[in-house]
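Per TrEMBL, the features are:
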- Asp15, Arg20, 68-72, 109-110, Glu144, 255-258, Arg325: NAD(+) binding site (BINDING)
- 140-144, 199-203, Arg239, 246-252, 317-318, Arg443: substrate binding site (BINDING)
- Cys255: active site, nucleophile (ACT_SITE)
- 311-448: domain 'UDP-glucose/GDP-mannose dehydrogenase C-terminal' (DOMAIN)
Amino acid sequence: MIAHKCPHIQVTIVDVNAARIAAWNSDNLPIYEPGLEEIVKARRGKNLFFDTDVDKAIIEADLIFVSVNTPTKKSGVGAGYAADLFYIELCTRRIASVATSSKIVVEKSTVPCRTASSMRTILEANSRPGLRFDILSNPEFLAEGTAISDLSAPDRVLIGSLGTPEGKAAQAALVEVYANWVPREKVVTTGLWSSELSKLAANALLAQRISSINALSAICEATGADVDEVAHAVGLDQRIGSRFLKASVGFGGSCFQKDILNLVYLSESLHLPEVADYWRQITTMNEYQKRRFSQRVITSLFNTITGKKIAVLGFAFKKDTGDTRESPAATVCKHFLDESAKVSIYDPKVPESQIWLDLTVPGVQDGEEQVKKQVTICDSAMQAALGAEGIVVATEWDEFKTLDWQAVYESMAKPAYVPISPSLSLVGAELTSTENSFIFDGRGILDADKLKAIGFKVFTIGRGEEI
Ligand SMILES: NC(=O)c1ccc[n+]([C@@H]2O[C@H](COP(=O)([O-])OP(=O)(O)OC[C@H]3O[C@@H](n4cnc5c(N)ncnc54)[C@H](O)[C@@H]3O)[C@@H](O)[C@H]2O)c1
Ligand SMILES: O=c1ccn([C@@H]2O[C@H](COP(=O)(O)OP(=O)(O)O[C@H]3O[C@H](CO)[C@@H](O)[C@H](O)[C@H]3O)[C@@H](O)[C@H]2O)c(=O)[nH]1
């Protein structure tokens, strides 16, 4: 976006992953994001460059955005919760050892509160004498799928700095960059620690809304209320607002879970166990929602899905992205595989190789073979649905709304079931069989009445109708 909006600024993106840089320099960009390709193609080779020469880029830059990954730690102190700052530290040490002139170093990655302080210590202790490093915190608030519009017209840009004259001067320099396209009143300046914490806070509050509406969706299903009606009614209160209240099969994405767990760890480190428990509950509810949804599919299909074919529409964690990190679709597929179902998967943007990666455990050969026996990856929703007994909508891709559902219905299996109740004595009982194709709408995007008119049995997340 800087390259797009500021032709006078040269932007060089460097990464240690050579394959990714090669992809950025090719016709097949490594990520799908609406509107991104046009911008990259327009600026590449002019004021936008992709390179693996990290040192050269450090030496030449006046301002460096550190935007590396900060995943949840897998081992050691804080494993499962704390952010792994290994890549941040590696980058910072590289800047310190290579830089030959003073720099503004901008923390763009999402990091725990006070990370800037560690970065400053590393830079000051390891760099050439006489160089200055001013650290700024400039968290990123874009959401995937809408990244270009979020970056073009952000709700706000947040820039934190130390309160020293040098810190303020560095902050002003970055404000100038954003001022090329963002109205000044939307560029918010704060202290460093407030800026770092605001990023974790924003994600925790957003995810909290989803877990809240998902908790309500369970009550709706049990009572006959409709979660969309509830969300609409409460969202009209301006203090609550209508956005981010869409009940779903659970939230996914690389950020929410990681950043909430990071906040939980921070709270625990600060000896605030009640605060930690409060935030942890958001992810607990999210796990519950995914499990609850899968369980609903199983109970509706007469308590067993062994050997049954289930079509899963959508594998990305949300529409308009090919990203599958923490995708609820993947979790739900794994639940079905554990129950020995056959699963056919279709997603318009997720590469087939990524789906295999997400469903198999690296190094477990038997597991991989078993998954390949149970899973088919399809080129269309229609193909996935062929012969399936149930369809699960796991991602809210627009194309699912306009499928030819009549044709889908006709292509599905309709085995005659005899519902079995454990308490029912079968001797002499009058047995009724049903012939059904099921749809489980985990995103609440389909017109349930139309589908029912075709003949489907429909379950929509957060709607308490019997199916
Ligand atoms: N993805 C998002 O939508 C989003 C939004 C807001 C904030 N963030 C934050 O931005 C950060 C990056 O997220 P991401 O999704 O882009 O992660 P990512 O894993 O997709 O990309 C990080 C890149 O950094 C590279 N890298 C790692 N160490 C390096 C080093 N020492 N030198 C050069 N390159 C190095 C990796 O090779 C990788 O390509 C995280 O802190 C994340 O929380 C992400
Ligand atoms: O009402 C809603 C809104 C979202 N979701 C789900 O929540 C997840 C996250 O969606 P979203 O927040 O739109 O995408 P992300 O790319 O994960 O963006 C979040 O995480 C980024 C990384 O930190 C932040 O920059 C963004 O501000 C923040 O929205 C997805 O699975 C969505 O399907 C719902 O279930 N219901």
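Note that Cβ sites are derived from N, Cα and C of the backbone, with glycine treated the same way.
Remember, predicted model here, so these are calculated numbers, not experimental data.
Everything TrEMBL records as a feature, shown here on the structure.
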| residue | record | Cβ neighbours (10 Å) |
| --- | --- | --- |
| Asp15 | NAD(+) binding site | 16 |
| Val68 | NAD(+) binding site | 17 |
| Thr70 | NAD(+) binding site | 25 |
| Thr110 | NAD(+) binding site | 22 |
| Glu140 | substrate binding site | 18 |
| Leu200 | substrate binding site | 22 |
| Asn203 | substrate binding site | 23 |
| Gln257 | NAD(+) binding site | 21 |
| Phe317 | substrate binding site | 27 |
| Arg325 | NAD(+) binding site | 17 |
Within 10 angstroms of Thr110 (NAD(+) binding site), Cα basis - binding-site residues out of Ala143, Leu200, Ala247, Phe317: Leu200
Sequence-ordered binding-site residues from Leu200, Asn203, Gly250, Gln257 with Cβ under 6 Å of an atom of ligand 2: Asn203
Cα distance (Å, whole number) from Cys255 (NAD(+) binding site) to Ala247 (substrate binding site): 18
Residues near Ala143 (substrate binding site) in space but at least six apart in sequence (CB under 8 A): Asp150
DSSP three-state assignment for Phe317 (substrate binding site): coil
Nearest recorded site to Leu200 (substrate binding site) by CA-CA distance, among binding-site residues Val68, Thr72, Cys255: Cys255
In sequence order, those binding-site residues of Thr70, Thr110, Gly250 whose CB lies under 6 Å from ligand 1: Thr70, Thr110
Site with most surrounding Cβ atoms, counting all protein chains shown within 10 Å, from the binding-site residues Ala247, Cys255: Ala247
Secondary-structure category, per DSSP, in which Arg325 (NAD(+) binding site) falls: coil
Three-state composition of the domain 'UDP-glucose/GDP-mannose dehydrogenase C-terminal' (311-448), taking helix and strand from DSSP: 45 helix, 23 strand, 70 coil
Neighbourhood of Gly250 (substrate binding site), C-beta criterion under 8 angstroms, separation at least six: Asn214, Asn286, Glu287, Gln289, Lys290, Phe293, Pro328, Thr331
From binding-site residues Glu140, Asn203, Phe317, the one whose Cα lies nearest Arg325 (NAD(+) binding site): Phe317
Cα-Cα distance linking Phe317 (substrate binding site) and Cys255 (NAD(+) binding site), given in Å to the nearest integer: 11
Integer Å distance between the CA atoms belonging to Phe317 (substrate binding site) and Gln257 (NAD(+) binding site): 12
Averaged pLDDT, computed only over the residues in the domain 'UDP-glucose/GDP-mannose dehydrogenase C-terminal' (311-448): 89
